[in-house]
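Working notes, structure below.
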Amino acid sequence: MIIEPIVKGVVARNSHPAGCKQAILNQINYVKTAKPIESGAQKVLILGASSGFGLASRVSLAFGGASADTIGVSFERGPSDKGVGSAGWYNNIYFREQAEQAGLIAKNFVGDAFSPAMRAQVIEYIRAEFGGKVDLVVYSLATGIRPNPETGEMWRSSIKTVGEPVTGPTINIETDTMEQMTVGTATEQEIIDTEKVMGGEDWESWIEILSEAGVLATGCKTLAYSYIGGKSTYPIYHQGTLGRAKTHLHTTSDKLNEKLSAIGGSAHVSVCKALVTKASVYIPAFSPYILALYKVMKQQGTHETCIEQMQRLFSERVYTSGVTPIDSERLIRIDDWELDASVQQEVDKLIAKITPDNFAEVGDYEGYKTEFMQLNGFGFAEVDYQTRVDFDSLTQLQP
Ligand code: NAI
Ligand code: NA
């Protein structure tokens, strides 16, 4: 069969395996030539390893100097009668192939990272086949639902404001149009539920359970990712429900840092740059900011994608010979280039100009859309999309 992209709104409904492989190769090639991680993690567990920042962390730690063995947990769909499957499914497979060719362990667990069963499987694997301990745990889940571990009922996050509603334009990738929409105000319950899904509770629980199981090495570090963003985005992000959840994550990192200090370890949150990922395109009224940011950072030569961000994080922040640089709230700032004053000034000017008629010229819509399509394996010059893909051989591929 020939695989054509299917996009509904801002959600990709399929992926191209050959393009996913190309994306993995490109990320590996990048970190091999970038400033290396001098010495760092050897045994890493990544929760949310199949795309975005989690995948980039995995590639960076394996191929960017540290030669780490990795365990990746993710929630992805393989090929079935419903279709070819998700990009993350193939990312897991092709990452493992490349890592194994390089003599590294790359174990994939596909399933619900929130479940007790997943914790048990991962611990069992660490003990039996991964040398008994991990020295880094990366928490990079992004999702809209989390089961309550006590009742099994679902908490659902809401991407809403706290206080006043905000009306702003948002991109529809399917139709290449910008539509006005209103981001409503969250109820108290919606704020709490969003904290449950995207805050630090599950991260803390993972670290507790790994610690009790005795599988955290002396000096073990843990990291989670956050976003703060430019002032123009505060009403929809930093001061909204997602920002509340991130504040909870930051507080959790302080707690975990205390806990891990007992074994000479640490916990940090790294604040990252706004990027096109499966998760971020979903944030209403956020796209004009990303369009403007991409335009300005590309002009200034400071644009990074997930892989550049993660390689810089590990080589210049987390695994440096000195102490990890942090801000007054103990956050690692790898969003420094995004928040550069000259960048933000230019971004504000562009956002003021963006309308549904001119967004593709004023902002970097081409870059936005290209990155989105490539996340799903489409639009790589190196891939011949007219070559037929054999569905049966796809079903033979195992994570
Ligand atoms: P993503 O959507 O690319 O990756 C999310 C990962 O979580 C995937 O591997 C997915 O399979 C996994 N996942 C989701 N639900 C799961 C479940 N129940 N069980 C197991 N795995 C599950 O998202 P992205 O953007 O990489 O987000 C990761 C973190 O980075 C989030 O905390 C996000 O807030 C943060 N971040 C994102 C920014 C952006 O602009 N994209 C900016 C700054 C921080
Ligand atoms: Na991720």
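Quick reminder: no glycine exception, Cβ is built from N, Cα and C everywhere.
Where the annotation comes from TrEMBL, it is an automatic prediction and has not been curated.
Remember, it's a predicted structure, so these values are computed and weren't measured experimentally.
These features come from TrEMBL:
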type	residues	note
BINDING	48-53, 75-76, 112-113, 141-142, Lys246, 275-277	NAD(+) binding site
BINDING	Tyr227	substrate binding site
DOMAIN	2-80	domain 'Trans-2-enoyl-CoA reductase-like NAD(P)H binding'
DOMAIN	84-319	domain 'Trans-2-enoyl-CoA reductase catalytic'
SITE	Glu76	site 'Plays an important role in discriminating NADH against NADPH'
Exercise. List the residues of the same chain that sit at least 6 positions away from Tyr227 (substrate binding site) in sequence and have their Cβ under 8 Å from its Cβ, in sequence order, or write 'none'.
Key: Tyr237, His238, Leu242, Lys246, Val271, Cys272, Ala274, Asp335
Quiz item: ligand 2: which of the binding-site residues Gly48, Ser50, Gly52, Phe75 have a Cβ closer than 6 angstroms to it?
Solution: Gly48, Gly52
Exercise. With DSSP as the yardstick, break the domain 'Trans-2-enoyl-CoA reductase-like NAD(P)H binding' (2-80) down into helix, strand and coil residue counts.
Key: 29 helix, 16 strand, 34 coil
Quiz item: Between Gly48 (NAD(+) binding site) and Glu76 (site 'Plays an important role in discriminating NADH against NADPH'), what C-alpha distance do you get in Å?
Solution: 10
Self-check item: Integer Å distance between the CA atoms belonging to Glu76 (site 'Plays an important role in discriminating NADH against NADPH') and Ser50 (NAD(+) binding site)
Solution: 8
Practice problem: Work out the three-state DSSP category of Leu141 (NAD(+) binding site). | Solution: coil
Quiz item: Counting distance between Cα atoms, which of the binding-site residues Gly52, Asp112, Leu141, Val276 is nearest Glu76 (site 'Plays an important role in discriminating NADH against NADPH')?
Solution: Asp112
Practice problem: List those of the binding-site residues Asp112, Lys246, Val276 whose Cβ lies under 6 Å from any atom of ligand 1, in sequence order, or write none if there are none. | Solution: Asp112
Self-check item: Fewest-neighbour residue among recorded positions, criterion Cβ within 10 Å, set Gly48, Ser50, Phe75, Glu76, Lys246
Solution: Phe75
Practice problem: Please report the DSSP secondary structure of Lys246 (NAD(+) binding site), reduced to three states. | Solution: helix
Practice problem: Inside 10 Å of the Cβ of Asp112 (NAD(+) binding site), count up the other Cβ atoms and send me the figure. | Solution: 15
Self-check item: Long-range Cβ environment of Gly52 (NAD(+) binding site), under 8 Å and at least 6 residues apart
Solution: Ser140, Ala142, Leu275, Thr277, Lys278, Ala279, Cys306
